[in-house]
Amino acid sequence: MVARMIDGKAMSAALEQTLEHAVANLVKAYDVAPCLYVVLVGEDPASQVYVRNKTRRTLAVGMRSIEIKLPATISQSALEDQVKALSRDPDVDGILVQLPLPAGLNSDAVIACIDPAKDVDGLTEVSAGRLLLGRPGLRPCTPTGCVILAKHSLGDLSGSHVVVIGRSILVGKPAGLLFLAQDCTVTLAHSRTKNLADVCKSADILVPAVGCPEMVKASWIKPGATVIDVGINKVADPRKGQGAARLVGDVAYEEALEVAGAITPVPGGVGPMTIACLLHNTVLAACARRGWANPDLTAAKWPT
Ligand code: GUN
């Protein structure tokens, strides 16, 4: 059996088409487009690519997007002041501080300066608390994308055993809670988990989010399982020439194809969905904050 590929690119395009429609209606009704601010500190090449993609796609659905680029040498207090100013500015609907921050800067303290009403990354204590308590709120983008992809692949997730590998605040922990909210049985595995391969093999839905190239082997996957690969790792690709590189996930994709029932590719799986969910959150934040009627976003035409 060869696994079905879960096409995150097509799924995100479908969601973005719905968002584009919704944004056009908001602009018609209220004469202003939602506005996302992305704060990038330092010159990390991967972060620069992520931020450029976020900006491009925010603009593509008709929203406003503004990048604030700050030097890696910025002081903690100057960075916090910058984020606090965005929190106060009534024209700002969403604030995203690209992570990781350069060494020496405390990301927790910076995130604490984000107004929870503008927390499109879902990382503030208020957003995390709402998620834990099952109250409405802005959810982290990558795990939200994972749940959408799993639901698209499987339909009802109720009773499925989900194994998430990784316990970060950006992905692992919120992914566990979001799958729990879908009535899944959730295992949060991590670097200290004993018999990790066996734990993974018991998963109906396996969600590796560790940043370790091709760590998950075919022998770790239950036949027919759904694999949602969060990892995006750059590895050398000498076949393409000296210094060339390619992107791989946390899953050994080629061999996993032979065992899994469905699998997300890297690139083109979870990555594009993360950005679509960010745009979705920005629309939701703008509507809630400005008292606009929530647009109907249920009409997304998911590709089959
Ligand atoms: N770095 C990698 N992924 C993300 C993300 O989803 N949000 C932020 N803020 N930084 C990231």
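The backbone N, Cα and C atoms fix where each Cβ goes, and this holds for glycine too.
Those TrEMBL annotations? Automatic predictions, nothing curated.
What TrEMBL records for Gly166, Arg167, Ser168, Ile232 is NADP(+) binding site. Secondary structure at Arg167 (NADP(+) binding site), as computed by DSSP, is coil.
Restricting the average to the domain 'Tetrahydrofolate dehydrogenase/cyclohydrolase catalytic' (6-121) gives a pLDDT of 97. The domain 'Tetrahydrofolate dehydrogenase/cyclohydrolase catalytic' annotation in TrEMBL covers 6-121.
What TrEMBL records for 140-288 is domain 'Tetrahydrofolate dehydrogenase/cyclohydrolase NAD(P)-binding'.
Taking the Cβ of Arg167 (NADP(+) binding site) as reference, residues of its chain lying under 8 Å away and at least six apart in sequence are, in sequence order, Lys173, Leu188, His190. Across the domain 'Tetrahydrofolate dehydrogenase/cyclohydrolase catalytic' (6-121), DSSP classifies residues as 60 helix, 18 strand, 38 coil.
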